[in-house]
Each structure stands twice: as structure tokens, then as C-alpha cells.
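Each remark here refers to the structure printed beneath this line.
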Amino acid sequence: MTDPLLQASDLSAHYTTTDGFLERLLGIGDTVRAVDGVDLELSAGETLGLVGESGCGKTTLAQTLVGLREPTSGSVTYRDKPLAAWSRAALRTNVQYLFQDPLASLNPQQPVTDIVSEPLAIHDIVPADRRDDRVATLLERVGLDPLTANRYPHAFSGGQRQRIALARALAVEPELLVCDEPVSALDASEQARICNLLADLQDEFGLSYLVVSHDLSVVEHVADRIAVMYLGEIVDIGPSDALFEDAAHPYTEALLSAIPEPDPCWTGERIVLEGDVPSPIDPPAGCRFHTRCPVVIPPDEFDLEPAAFRSMLTLRKRLEVGEDDWLESLVPRDGRHGDTATGTTEAIRDRFDIPSPLADPEAEAILERALEAIVAGNVGGASEQLGAAFETPCETIEPELQAEGDHRVACHRFDDDRAGDRRSRPSE
Amino acid sequence: MTDREPTARRGRLRVEGFESSTERSLEDDTAWPRSVERDREQSRTEGSVGRSRSRWRDIWRRFRSDRTALLGAAIVAILTVLAVFAWPLEVTTLGYRITLQPFALAPYDPGELYVGPTNAGPSLAHPFGTDWAGRDQFSRVLAGGRYSLSIGALAVALALCVGVPLGAIAGYVGGWVDEAIMRVVDILFAFPFLVLAIAIVAVLGQGYWNVVAALVITGWLSYARLIRGEILSVREAEYVTAAKALGASDRRIVARHVVPNAVAPVIVQATLNVGTVVLAAAALGFLGLGLSPDSAEWGTMLADGRSSLLQGHWHITVFPGLALFAFVLAINLVGDGLNDALEPRLEDGESRTAHRGSRTHDVERRDR
């Protein structure tokens, strides 16, 4: 492999939520770990797709990679030289950034000519008297009528605005273009056209792309390699074919299953992730995905189905939240189970889809004791009992990215001593 | 489709038609429904494809197309010319008398007593009649514009000089500086505008410059608050980040992106405020706190005419009042037109009326 064009090592970017007079005075505020220890590299001429749910830190990562945001720790190098060591002009003529919302990223007070010629003026790329011609060439290249260059951004459609933004980014003849959700603000047909335009421009100018998107189908269309991000970390990275053929990380699998399929005879299963993305202020310990992972690893001591263990883990996470009158909200008193203690434990099992009884008698005994403690009102005790008895590596040990076939995955199911677990993938 | 077996494999069905080859033919889709012909025409006459026009020329073109705003501008211009040329303007320094402006449109000296009968109604000799001291009302209304207009222009200009830098600093620097400046603004805003002005004049005493000072002290607040808010929002705007990503220097970002976007509402507000300030000066004059009672200032003339009005001499208050009304109305029309002209998004006719309603309303509410 050739030297990477852009490389990030152990990159973190945190925000503080401190805001306003009182909070500043008292020094309160939380740290949002938007990007947390990311390693990433991008080779010349390739397109790297970065996908993830909204709020997982994609945009922060992309902006940190091009130096629009200072990293909290870690480093970014472009052509083996740290970003800070590059002069502003040299860096900005090599690395460009395409924003998500083209209307917001174009100054409403400037006509298109001024917008597109601004980089030419800043870096003095073309002498002033030839700038208008250069702008016309650029606009034509991205598929716009140069005669409309005197108009203001508001007069254009979404796709046309994104083309203007693209023309502006291309004006400096960059090597690397970081596209932050380049098509998510556009309708489907315009999405496809912009994707094709990006591909054409790559062939023509030998560009490298980093394409950030929440939409795997867009990334599939343009990317050579795909990195999957969850809560500030890269969990899965590999060539797009490999990723689509044989998704390794359970999160990637869930994302893939969410792509709509037009085939009416398609019988693929849709994996629905429970719950919301946890807060990046206080991310879960161990594997950050373990709170929602459908195939979280059961403890070795017991013989448990992954699904049953998932349900028990969900129950325990709910107990840890410790809301008031949570029992009432959990167990509707509809009289189906009666008001007895046994009835309530059954209702809890029903609610969380925990099989009754569990396959393993020893585990069943522990669970039953915990459920009785809940009914007795000792919620903290129950959660502690469950936590002590059923310990999963997903919750305690942070997984490292490790090679698995063509891609690298951060998941404990691919640990060497756990090769057996992989065979029990539910989607196969 | 031959294979209809259920399968979990993806991609058996593909949607065609978005490939690059088909895209070429779709390119004509990028239709330019309106005014593209105008652009073409213009490019042809200017002899170059897409020659850039300057921002100010664009603004002037938009302002020019607004008839009511032009009417307002014309009234303001006429009143200004009349005020300047109403009576010779002389400055006395070191014993020398320098005549800055020798013309006199007014038939009589506005301060001269008993040029005609007292309290006479409008006649050919005195078109606006005469007041209780026999002074010619027409001359006084013409010359009175000097006070009102110059107080309005000066007070607004000085208030801008105080408010804009302070607000801009508060918005840029943030932190403690911001807190300090904005708390002062809040405290001063807690007083009703006119009451504070009255209190200041009461402390400083009567006189032209004291009235200006009172209006500046009460007037800079709204500019500071307005520009701070604009700068806060523009600073976070994505096009500022985009300019940074292009490698623009801070100075360029401020000059090309922050100022043009933040300053438009301030210009509009300042224009509208000229009217408010003239009214406030007149109100101070009416309350006897403005200029000395015999000076020809519109507000003072109204105050003088109050007793005459009770005696049935309507003309003494009506003409200065009309002048005041015409000027404030004209200024508001101009401000309204500027509001539209400074906002390229309002260029297309149909959205204009709707948008204007809401914007003007906003500005006016901020005024209070």
C-alpha cells in the first residue's frame, strides 16, 4: 500500500456544553466526546465513505480531519506532515470541504460569480482579469449555465446550489475533497446526478474523496472503502464490496439491513435496533454498542441463547436508569397476570421478552431471585445481582479494531478465543 | 425479470436511468424560468459572459425599482434642500463672518418679529400665516427643518458610532466583555426611552447639543443589541466556516462575509430611527425641554401654537405638524425600501410584499 494521503491517529474531539453566564461562573458543564480515539487513513485516488447515525460524530470527525476544528488529542497528517505544519494557503489549496447544506454554506449576499471566484482571489490562482472566464469554465464543468452567474444563491434549486458549492471547492484544484453529506439535502434523482458528477470529477482530476453520509446506499454508490462510525468510534472499516457481502460488525449489519430494497420478493430480514444512541457525554463502558447490540456475547459460565441474554441485559440497563414509579410504567396493571408477586415477575419477563424458564437452570435461579427483589422494591439490589452474575466482555473490555478477512472490526465476537460465537449469527 | 424466487440477496432489482449517459439529455432540465433572458441580455450588452456586478450597484438597482421608496427618498431630498437653502448659513469665528450658503428661499427672516399682523391666517403674503409675534410661519417651517433634520441625522450618526462598535465588540469577543456591555444596555433599556431623554435634558439643560446628547445616549442601545445579535448569528453561519475552509483570512471573512450580512438590518434600523429621533426631538421641544422657545424648531413651534390653537388659529400648528409628518413618513418609506434592497432573497416580486410585512413589523417592534 502506498503512503496514505490523509492519516488520523488516535484522534479525539470533545466539546464542552458550558454555555451562558451562570454556567461559566460556576464552571458547570459536561464534555461531549464527539470523536474518541479514531484511527483512519485515506490513500491518494480512493474514495472513503464514512457512515453512521446522526449524532455519532461524523461531521466533527470530517471537520477535524481538514483542520476546521482543533482536535482535543491525537494528530492528523496530510502527506506525512501534521496539519499544523502546513501553511494555510498550501493546505486549503490541497484539501477542500463540501458542506451538507448548500444554501447555508453559500453567502446569501454574494452573486455566484463572487462565490466561485473567491478561492481564486484568496490564493491568487488566476489573474483578476481572467477570473470571470475561469468561473464560467468551472460552472460549466459542474453542469450549470455560466450565464446565470450573476444570480444569487436563493435563486437556485438545491441540486444547483450543491453544484455551485462544488465549483467553489474545485476552483483551487484540490487533491482531496471532504464531502459532508453531499447529497442528503437533495431529492433522489438529484442525489444520483451529484454522485455521478462526483465520480466523473474524480476520473478527470484524480481527486480523493472522503464522503460522509448517514445513508449506506449513497456511500455504496461512490466509495471504495467504507468506515462505519458509532458514538465517536470507528467500529468497522473495509472495502465496500467486502462490507456489503459479509458485514462483520453487528452495527454494520443493522445499517445494511435498513437499506430499502425495491425487490418485492426480497425476504431479507430487517434488524431493528432497540433504544436510542446513548449520550456521548457519558458513553457506555466496554463496547459502546453493547447497550443495543442484538448479538451481545452471553457469559461463558451459562448456556444462554444470545437473544435471551440480550433481553436480560436490556432489563438490567433499564433497572440502572432507576426512574420513579418505573414498575408501574413497565408492567401495565391490566389484570392479565394478576397482582401477585409471581404474576408481576411474569409480566416483567413478558415485557422484556425473557423466555420462561431460561435454558440454563442456574441462570434461571439467579434471574428469578432478582425479579423477586424487584417486586419487593429492591431495584438497586436486583440490578447488582444481575450484573455480578452475568458478566459479558462486551460491557467491560473495550474492543480494538482487528483484522477480520478484508476488513477491520472492533467487536469481541471476533476475538481469537471466541471464534466459535461467530457461527451463531442470527441473520444466517 | 425471470427469477421470482424469494431471496435474501439484494440488488436483483435495479432502477435504471440515472447513469451518466442519460444524465446528459436531462441537463436541459436545469430550466431557468424567470429573468434568465434578462441575464443573457445583460451579458450581451456588457460584452462578457457572467461579468460580476458590484454589490452596491445591485442594491441600487433593487432600490430604484421600488417606487414608494423612491418617492420617500425624493421627499427627504426636497425637505433637505429646502432646509439648507431656506436662509443664509453663516459661521462666525475669530471675528470673521464666513457665509457658507448665501441663498435665501424663505421670504422673511424666520426670527424677525412683526413682519405682518399677528396670528394672521394664510394669505398670499404669508402662505402659512403668521404666529402670535407676527413672524412668518412659512419662513419658520422652512428654516425649522434645519434643526429637526440635523438633530435626526446627527443623533443617529453619533448613536451608530457608539452602538455599532460596542455591539460588534460584545458579539466578537464574547465572555465578560459581552456581559458587561450588554448588562449596561439592559439597564438603560429598562427606562422608557422618552423618560430617560427627558431626565438627561433636565440634568444637562436646554440647548441643541444637549438634545442631541440625550438622543444619542438613549439611541445607541438598540444598535448595540441589534449588531451583537447579527454578529453572533453570522459568526456561526456555515458560509463563514466555508470561507475558512477556502483559506480566507480573518480580515477577509469579516469584510466580505460578516459585515455585509450583519450590517443590513442596522442600516434599515438607523434609517427608520431618523424618523423616531426627529419625533423625539419634537416631543422634547413640545414639552419645553428642547430648544429655546423662540427658536424655529418644528416641535417648539407646535408647543408655541398650542395656546393659539385654543384661540382658533389652526394654521400655527398644522404647517409644522405637516412638515414633521411628511418627513417621518418619507424616512419610513426609504427605510422600508432599503430593507428590501439590502436583501437579495427578496428580489423576486411575488415574495416581496409578504416578506416585507413581517420584516418591517419586526423592525418596528424592536424600535419600541
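Just so it is clear, glycine is given a Cβ too, placed from its N, Cα and C backbone atoms.
So that you can see what the record holds, here are the features copied from TrEMBL:
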type	residues	note
REGION	B:1-48	region 'Disordered'
COMPBIAS	B:1-27	compositional bias 'Basic and acidic residues'
COMPBIAS	B:35-44	compositional bias 'Basic and acidic residues'
TRANSMEM	B:69-89	transmembrane segment
DOMAIN	B:145-335	domain 'ABC transmembrane type-1'
TRANSMEM	B:147-173	transmembrane segment
TRANSMEM	B:180-202	transmembrane segment
TRANSMEM	B:208-226	transmembrane segment
TRANSMEM	B:270-292	transmembrane segment
TRANSMEM	B:312-335	transmembrane segment
REGION	B:347-368	region 'Disordered'
Original post:
Thinking of Cβ pairs under 8 Å, which stretch from B:147-173, B:180-202, B:208-226, B:312-335 has the most of them with the transmembrane segment (B:69-89)?
Top reply: B:312-335
Subject >> Cβ-Cβ under 8 Å with the transmembrane segment (B:147-173): same-chain residues at least 6 beyond its ends >> reply: 79-80, 83, 181-182, 208, 211-212, 215-216, 219-232, 235, 266, 270, 273-275, 277-278, 281-282, 291, 295-299, 323-324, 327, 331
Original post:
So what's near the transmembrane segment (B:180-202) in sequence-distant terms, Cβ-Cβ under 8 Å and 6+ beyond its ends?
Top reply: 166-167, 169-170, 210-211, 213-215, 217-218, 221, 224-225, 228, 280, 283-284, 287, 289-290
